[in-house]
């Protein structure tokens, strides 16, 4: 199996997309801590889950698969499995964020990290299970377990960082670590894949990944544009909501004095 049949630019694009999704996702988590109502907090956390899980994880893995090829024949992908993987990625991240909450309780952070990490690991398994070749395609259990372990560790780290830090430079650094970990766990899972091509076997059912790339990438870009716009607008709203305090003016008229009676 070839990992970079189209060149290393695919790897760079996947890493950039994962980083962008992670930065926007962590910024949404940051905004959720400033929400005054549970409703708006849930909206921000949902946007964070779409950005982190849908874009930063699933779409990044989707892009890396553009460079995967086999010596003979074609690769096809089961669309149903791919959609389920995307939905699972978003749900697992949202579940982890809701479980961890706003505080720094270790038990809640651990529970949220495990739920989020196991969900992302299962997402990767479903995504790889969507691959069909002319022959056999088998995944190694050890590589799959290793990829899931990395997902759990990076999920714990992300939740810990978001529970303690609000400064964007720190969150951007955490997003970079997240992106590198996601790409790393994906290629660890790929390293355990065993493919045996048999030209005599019929072409597998499914869709060609290149035919899906343009609409999927466009949808992913739109999914990031919405929370980015909300993040840029949110500070203006918060400043406009602050009460204004009138400062005393130097030109204000002096108070009138009551004349003191004489005698």
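Placed from the backbone N, Cα and C atoms, the Cβ positions cover glycine too.
Pulled from TrEMBL, these are the features on record:
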TRANSMEM  6-30  transmembrane segment
DOMAIN    6-196  domain 'MHYT'
TRANSMEM  42-67  transmembrane segment
TRANSMEM  79-100  transmembrane segment
TRANSMEM  107-127  transmembrane segment
TRANSMEM  139-161  transmembrane segment
TRANSMEM  168-189  transmembrane segment
TRANSMEM  209-234  transmembrane segment
REGION    241-263  region 'Disordered'
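Most Cβ pairs under 8 Å with the transmembrane segment (6-30) belong to 168-189, among the candidate stretches 79-100, 107-127, 139-161, 168-189, 209-234. Counting Cβ pairs under 8 Å to the transmembrane segment (42-67), the top-ranked stretch among 107-127, 139-161, 168-189, 209-234 is 209-234. Of the candidate ranges 107-127, 168-189, 209-234, 107-127 contributes the most Cβ pairs within a distance under 8 Å of the transmembrane segment (139-161).
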